[in-house]
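Peer 1: These came from TrEMBL, pasted as-is:
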- Arg95, Arg105, Arg129, Asp220: substrate binding site (BINDING)
- Tyr136: site 'Important for catalysis' (SITE)
- Lys187: site 'Important for catalysis' (SITE)
- Asp220, Asp244, Asp248: Mg(2+) binding site (BINDING)
- Gly280, Ser281, Ala282, Pro283, Asp284, Ile285, Ala286, Gly287, Gln288, Ser289, Lys290, Ala291, Asp292: NAD(+) binding site (BINDING)
Amino acid sequence: MTRSFSLAVVAGDGIGPEVTSQALKVLDVIAPAHDLAFTTTDYDLGARRYHATGETLPDSVLEEIRGHDAILLGAIGDPSVPSGVLERGLLLKLRFALDHYVNLRPSKLFPGVATPLGDPGDIDFVVVREGTEGPYVGNGGAIRVGTPHELATEVSINTAYGVERVVRDAFARAQARPRKKLTLVHKNNVLVHAGHLWSRTVAAVAPEFPDVTVDYLHVDAATIFLVTDPARFDVIVTDNLFGDILTDLAAAITGGIGLAASGNVNPDRTTPSMFEPVHGSAPDIAGQSKADPTAAILSGALLLEHLGVPEAAAQITAAVEADIAGRGAVPRSTEEVGEAIAQSVTDLGAAEGVPVG
Ligand SMILES: NC(=O)c1ccc[n+]([C@@H]2O[C@H](COP(=O)([O-])OP(=O)(O)OC[C@H]3O[C@@H](n4cnc5c(N)ncnc54)[C@H](O)[C@@H]3O)[C@@H](O)[C@H]2O)c1
Ligand SMILES: CC(C)[C@H](C(=O)O)[C@@H](O)C(=O)O
Ligand SMILES: [Mg+2]
């Protein structure tokens, strides 16, 4: 029986629409092979709408988006809009309103991918980044702005409720992986209030997952080991800001930001989860068809996994691996990469005897 899913598509700004169209192309190609049907609704959100109407994410649109099974997002942010307006008013509003408390960011070094680390061994870890708290909540302000006496605060909010639910999710993910290792990354030698809440929470939840080995690193040391010994990581759990920074670094060591996918997940499934590349709108290459759509395509695979179609997700990942293995030195356009991965999905389907496309 055909399984039908409704997807809200927020292509967004810069390279967002360029990479999202390739992700949708691959989803279209894979759907028949797994008896899936996608209906998509495009949402015109981002810089264009902001300039035309002053709106970032009207509540009525948020409510419409809420009615979908999942969200596919490209990238948000544009140099023509003051920094933070779209990032906070659209992207973070979606993550917060839809309670995406698990920001899932897998990092895997695919065979054949060049890394600045030379031969770093087997890199295969996932960062579970808290998605609704920390310094992202907007608790702060500034006084005497523009004067020599300006004072600005950006308060990091960490609740026992918020920390515990993401820590428990990270433990469960570690438990389900072969190495069963969880590393808490924080800065509890300096951020003693939030840091100790995170450490105590990990210690309190650990007995529920006796098979999981627990480790702790200060965030500064974690950046060292991500470069010198990334194979040591299995599951990392960390706060919203540390997770943001660590996952750009994680992308850089596994072939670049063009390959890094993510999911903003509501594990309770009370709202649609949202899948997007880790990268941004890349204004420096927007409109030139230079963006690598692989991260967006792999975000589509994470979406399928979340919707309960892991075999389709695995087929997309295999198609990406096959494409990456064959990548030469000649640069390809965004469409050429998308087309090649879509073709690879078809070829894999044919090899397994399932009709694709
Ligand atoms: N999730 C998101 O929507 C998201 C994430 C990060 C940044 N942003 C926003 O995007 C804008 C630009 O931010 P930034 O420059 O710091 O980060 P960025 O990720 O957009 O770009 C950083 C660098 O990576 C390159 N890059 C990014 N994606 C690429 C791809 N798919 N293929 C090839 N190269 C790629 C860019 O060309 C640039 O040189 C800002 O407005 C920022 O707030 C949005
Ligand atoms: C654009 C910004 C709000 C966002 C974040 O900090 O979460 C981005 O950097 C990301 O990694 O998705
Ligand atoms: Mg980021």
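Backbone N, Cα and C atoms are what each Cβ position is placed from, and that goes for glycine too.
Keep in mind that this is a model prediction, so the values were computed, not measured.
Show me how these features fit into the structure around them.
Peer 2: DSSP assigns Arg105 (substrate binding site) to a strand segment in the three-state reduction.
Cβ neighbour count for Tyr136 (site 'Important for catalysis'): 21 (other Cβ atoms within 10 Å of its Cβ, all protein chains included). In the three-state DSSP scheme, Tyr136 (site 'Important for catalysis') is classed as strand.
The Cβ of Lys187 (site 'Important for catalysis') has Gly195, His218, Val219, Asp220, Phe242 as same-chain neighbours under 8 Å, each 6 or more residues away in sequence. In the three-state DSSP reading, Lys187 (site 'Important for catalysis') counts as coil.
Within 10 Å of the C-beta atom of Asp248 (Mg(2+) binding site) sit 14 other C-beta atoms, taking all shown protein chains into account. Under the DSSP three-state reduction, Asp248 (Mg(2+) binding site) is assigned to helix.
Its Cβ placed at the centre, Asp292 (NAD(+) binding site) has 25 other Cβ atoms within 10 Å.
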Peer 1: Tell me which binding-site residues (Arg129, Asp244, Ala282, Lys290, Asp292) have a Cβ under 6 A from ligand 3; sequence order is fine.
Peer 2: Asp244
Peer 1: Less than 6 Å between Cβ and the nearest atom of ligand 2 is the rule; apply it to the binding-site residues Arg95, Arg129, Asp244, Asp284.
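Peer 2: Correct list: Asp244.
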Peer 1: Among the binding-site residues Asp220, Asp244, Asp284, point out the residue whose Cβ has the most other Cβ atoms within 10 Å, with all shown protein chains included in the count.
Peer 2: Asp244
Peer 1: Using other CB atoms within 10 angstroms as the count, which residue among the binding-site residues Arg105, Arg129, Lys290 scores least?
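Peer 2: The binding-site residues Arg105, Arg129, Lys290 were compared, and Lys290 has the fewest Cβ atoms within 10 Å.
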